[in-house]
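Sharing the feature lines straight out of TrEMBL:
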type     : residues                     : note
DOMAIN   : 20-290                       : domain 'Deacetylase sirtuin-type'
BINDING  : 45-64, 126-129, 235-237, 280 : NAD(+) binding site
BINDING  : 89, 92                       : substrate binding site
ACT_SITE : 144                          : active site, proton acceptor
BINDING  : 152, 155, 193, 198           : Zn(2+) binding site
Ligand code: BV8
Ligand code: ZN
């Protein structure tokens, strides 16, 4: 069997993936602390959905049409070219509609369910893909909204919407490989509010850059963060605020903080109590399987 260089390296990656296991002594210490915890916070970012095939924002597969997502996830771009922004979201909706929660999402949801009688587990996600809900997580805060909800720009009505496509004009559009940086879709062909006295243009019900998080969530955060004993920070580059500040605030308020990330950690960059390197679909089941 002639192994080419590629097949060897992908073979090694698979083996590595299969036999990846966290440093057992660190894991034992973490699990001991987690066992005693009454309030657990899970803060997740795009990395937890990577193994479900959902591109991360800043990973190698993260860019869309050479545009930084933050150039699309903002109100000014929507004002200037709503068709282009809707193509971006149509692409992601269609991709996520085909995605399934992975072992990481499921480990978190099953941990919450198994400890319903003795711990309060709160999941705060930056993700808008709805995969935590699909995995069964109940106590969930979708900090940045959800791409399967629309909000009317005129009457502010928020509705669930999993239509595929969300409107005929978007069918077959949104390919990330196409090099067009504008859209030909006319605004009148984009999704509009069905209320007879409204008809306003719909937007995805997500928080764009430059928009504030729902202030009602902050009161909830104060309680959750002040009472947290152990926090798991999963698959986030901690670049986007205010979520990026949460791990430091949690640590400062006395919580044990464990990071789960695929990146190798440089010795100096360790900021919190634990760092478990690896794909979260592998590391989370090991960390939460009590
Ligand atoms: C706010 C929804 C008050 C949309 C998102 C200038 C003007 C205006 C605002 C600002 C400004 N400068 C700074 C700001 C604040 C701004 C901000 O933080 N900007 C950053 C870029 C510096 N924040 C805001 O605007 C927020 N609002 O501050 O309001 C305000 C208002 C006006 C002016 C000032 C302040 C609102 C931010 C919300 C933006 N919306 N999403 C959509 O999704 O379309 S954020 C977007 O990024 C996603 O939600 C995503 O989750 C989030 C963060 O990214 P990550 O989740 O961390 O993902 P990333 O790809 O970066 O990293 C993935 C990680 O996973 C990596 O570490 C990787 O190693 C790891 N990984 C990969 N694979 C795996 C893995 N780990 C484990 N296993 C694997 N298999
Ligand atoms: Zn409306």
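Cβ atoms here come from the backbone N, Cα and C positions, even for glycine.
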Any idea what the model's mean pLDDT is for the domain 'Deacetylase sirtuin-type' (20-290)?
93
Work out the three-state DSSP category of residue 92 (substrate binding site).
helix
In the same chain, outside 152, 155, 193, 198, whose C-beta lies within 8 angstroms of the Cβ mean position for the Zn(2+) site?
153, 154, 156, 157, 192, 195, 199, 200, 202
List, in sequence order, the same-chain residues at least six positions removed whose CB sits under 8 Å from that of residue 198 (Zn(2+) binding site)?
152, 154, 155, 157
Out of 49, 126, which of the binding-site residues has the smallest number of neighbouring Cβ atoms within 10 Å?
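Result for the binding-site residues 49, 126: minimum number of other Cβ atoms within 10 Å at 126.
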In three-state terms from DSSP, label residue 49 (NAD(+) binding site) for me.
helix
Quick one: pull the CA-CA distance for residue 126 (NAD(+) binding site) versus residue 144 (active site, proton acceptor), whole Å only.
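Between the Cα atoms of residue 126 (NAD(+) binding site) and residue 144 (active site, proton acceptor), the distance comes to 5 Å.
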